[in-house]
Structure formats: C-alpha cells, structure tokens
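**Q** Following this message is one structure expressed as structure tokens.
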Amino acid sequence: MSPGAFRVALLPLFLLVCVTQQKPLQNWEQASPGENAHSSLGLSGAGEEGVFDLQMFLENMKVDFLRSLNLSGIPSQDKTRAEPPQYMIDLYNRYTTDKSSTPASNIVRSFSVEDAISTAATEDFPFQKHILIFNISIPRHEQITRAELRLYVSCQNDVDSTHGLEGSMVVYDVLEDSETWDQATGTKTFLVSQDIRDEGWETLEVSSAVKRWVRADSTTNKNKLEVTVQSHRESCDTLDISVPPGSKNLPFFVVFSNDRSNGTKETRLELKEMIGHEQETMLVKTAKNAYQVAGESQEEEGLDGYTAVGPLLARRKRSTGASSHCQKTSLRVNFEDIGWDSWIIAPKEYDAYECKGGCFFPLADDVTPTKHAIVQTLVHLKFPTKVGKACCVPTKLSPISILYKDDMGVPTLKYHYEGMSVAECGCR
C-alpha cells in the first residue's frame, strides 16, 4: 500500500489529533510531499526501527489532504476574499439537507466572469452585444459532464414589470484564431439560443465550448463567449444581461465533473490489504510472545495461566460500565479552530465522531471483532502486562459534502468527500 493512500485513509485521525491539541495548522508551505515511504509515515532514524514521529506524520498528512482536493497549498487570503455565488451555497445546502437530492457529478465548480466588453444596440444593429472573458481550468483526470452559463437578464430602463419581458439571446463560442480578444468577426461558433420571458437568472447549456477550452489547455488565449440580447417589446427597449463591475449578478459558469482517478476505491482496497497483513503479522507476534511469557510465568509462579481468567474477568465486569465499552461518540470539528475557515466555505463545523471505550472480553457482536481481536483479547486476559487489549477504532468511515475555494479562489463543491466522519466503531 502506498504511503499516500495510507495517510489519506487515516485523515480522521489527523483531524482528531489537531482538534484535541487545540492548535492551528501552521507551516503548511514547509511540508514537503517528496518524502520517501519511511519518512512519510513518520518513522525517523535509520537505526531506530518503529520510532514514530507524530509531527512528521501530521505534516505529511496535511500535504496529502490538500492534494486530495487538488490544492498545492493553503489558498492565499487574497484569492479567497471574494464571496462565492449564492447558487453554490444553495446547491451545497440542497445536497446536505435533502438526502434524496443526488447530483449527476461529484464535483461542481463555479467560474466568475473576469472581464467583459459591451456594445450598445443601435438602429442598424438592434442587439446588446457582450464578449465575456473567463478562465476555465479543470484537472485532466476529471471528466466534464455538463457546463452551464448563468446570466441575469433584466430590463435596464424603468418600465412596469407586470407586463413581463419578451426577447431572445444567442450565445457563441469565440474561437482562438480571432485577431484580438474583443473582436469576434467570422471566428465564432453558435452554441445556444433562448427566449426571454421573465426577469431573473437564465441557464444555458454550453458544454461543448468548455470541453473545447479544456482540451486546448491554452495559457495564451482567453476563454471567450459572445452573448447578444434583443428585446421584442417596445416597453423595454433595453433588455440586457447584468455585466457592470461590482454587480451582485455577474455572469458565471457552473461546471460539473467526475473524478476518474477512482482514488476512493483504490484507497479502500489498499487499506483492507494493509490491515489484513498487519493483523496476520501481529497475530504471529502475539502468539509467540504469549508462549514465551507463559513458560516464564509457570516456572516462576507455578501457576496455570488460565486460573486467573475467571476472577480477572469478574473484576473487569464490575469495574467497567456499559458506557466504557467501545462505541461511537460525538467529536465536533470547527474549521475556524484549526485555521481552515478562510478557504472552507461550508460546513463551518461538523461532527467527525470518534471511537472511545475499551474492548473487553467477551467481545460483543456490535463491535464486529475480527478473529485477531478475539485472540488478542484472550491472550491479554492471560498476560495483561505483556499483551495489550484490542483497540477501539473506526471500522467504517462516511463522507461529507464540502464547499471550498481552490488555489485560484474558484468555489468548488465536492459531493461526498470520503473518509471525513466515523460511521462505525469496532475492536481490532
């Protein structure tokens, strides 16, 4: 199993340690992802096998957490100041409150217009014309499923809105071979047209243009759309989209995509393989140590090790209540407390849960003990000072939806971000 997958699988541990220490996450830029397998797991010292460096472990987990969100580091404050479109916040709220609402894609991004050149309508050309400039960037391992252009349409002159609106608009993809970015003569491709009946947000499907832009992956050319708007009603001779700088209703793109890297499935399979290997190794070591200790104990004390099981078990049952057994308990994670509130938009906090309590003999079915956990518990009863109890650990993790800003300040909604909350606890 790769060290990166291991650390991502243990993300809840990283969160829990940071919260319990009540310290902000600092020096992210100093964490280097280029560690070897030994150092990235927090094992330090060539001659000190098994020495665990917690600080190094946490620093490398920070790097992998950011990498799993396609972030190279903590987004700068300057790029995270702009407020995300209300649409993205509404989308997040819908997915988190309505469990039956499932998006077609697991990643949603919004890209605001960067610039616009506008031309007013004339008698010879009765259209409002706009060249909209965007900067669309999607990781290559993601597959775009849909792209929408959202425009706010309104009547720019004072009229009685009760009469409604009547007009149309057409959207073109401005090709890269145009001589200047604000000219589109003869270098545009028709994308979509739409009738206008009411004032408000209009959604136009423009997936083909965005897919072309991403395939081109050009850093020298801007992503350009031409939008023309025409009014068909005399009572509103200036029907137009909202483009003035500072407007709350500026045009923006919404791009839906799926992560094709399949990292969740790969991580789960590798984690399962690693756990199985570790359990087999620990079982062999535990049995070997138990036999050695048993021989020493019987020679020195002349006792049968199993005679202590009954009284020990009785005392253990009397001293432990139901609440001290392995179970899932609440653990609130507040992103402001750990220094992430500048780039994580929502949730502000969530319940990560944690596993607390002991694994006492006999192990109940609700803690889903493995064969190794059962054997380790039995050996612990016989040699409590030599062999530790089985551990109460997460056995199943659940996802949360997270709305955050990436390196470029792009609002990104990741639906079902895996491994962020404990779903079940057990003895391992």
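Every residue, even glycine, has its Cβ placed from backbone N, Cα and C.
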**Q** If you look at what Swiss-Prot says, which of Cys236, Cys355, Cys359, Cys391 makes a disulfide link with Cys425?
**A** Cys355
**Q** Check for me: which candidate out of Cys391, Cys392 does Swiss-Prot give as the disulfide partner of Cys326?
**A** Cys392
**Q** Among Cys359, Cys391, which cysteine does Swiss-Prot link to Cys427 through a disulfide?
**A** Cys359
**Q** Name the residue range among 146-160, 161-175, 401-415 that Swiss-Prot annotates as region 'Interaction with ENG'.
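**A** Among 146-160, 161-175, 401-415, the range Swiss-Prot annotates as region 'Interaction with ENG' is 401-415.
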**Q** Quickly jot the same-chain residues contacting the region 'Interaction with ENG' (401-415) by Cβ under 8 Å, restricted to those at least six beyond its ends, or write none.
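**A** Counting only partners 6 or more residues beyond its ends, the region 'Interaction with ENG' (401-415) has Cβ contacts under 8 Å with 69-73, 75, 79-82, 84-85, 88-89, 91-92, 95-96, 103, 105-111, 135, 137, 343-347.
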**Q** Check the region 'Interaction with ENG' (401-415) for me and report the mean pLDDT.
**A** 90
**Q** Please name which of the recorded positions listed here, Asn70, Cys155, Cys236, Cys355, Cys392, is nearest in space to Cys427 (disulfide bond), Cα against Cα.
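**A** Closest by Cα: Cys392.
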**Q** If you skip the near sequence neighbours and keep only those at least six away, which residues in the chain come within under 8 angstroms of Cys355 (disulfide bond), Cβ to Cβ?
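**A** Cys326, Gln327, Lys328, Thr329, Cys392, Val393, Pro394, Val422, Cys425 - these are the non-local Cβ neighbours of Cys355 (disulfide bond), listed in sequence order.
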**Q** Restricting the comparison to the recorded positions Asn70, Asn135, Cys359, which residue's C-alpha is spatially nearest the C-alpha of Cys236 (disulfide bond)?
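**A** Result for Cys236 (disulfide bond): the nearest of the recorded positions is Asn135.
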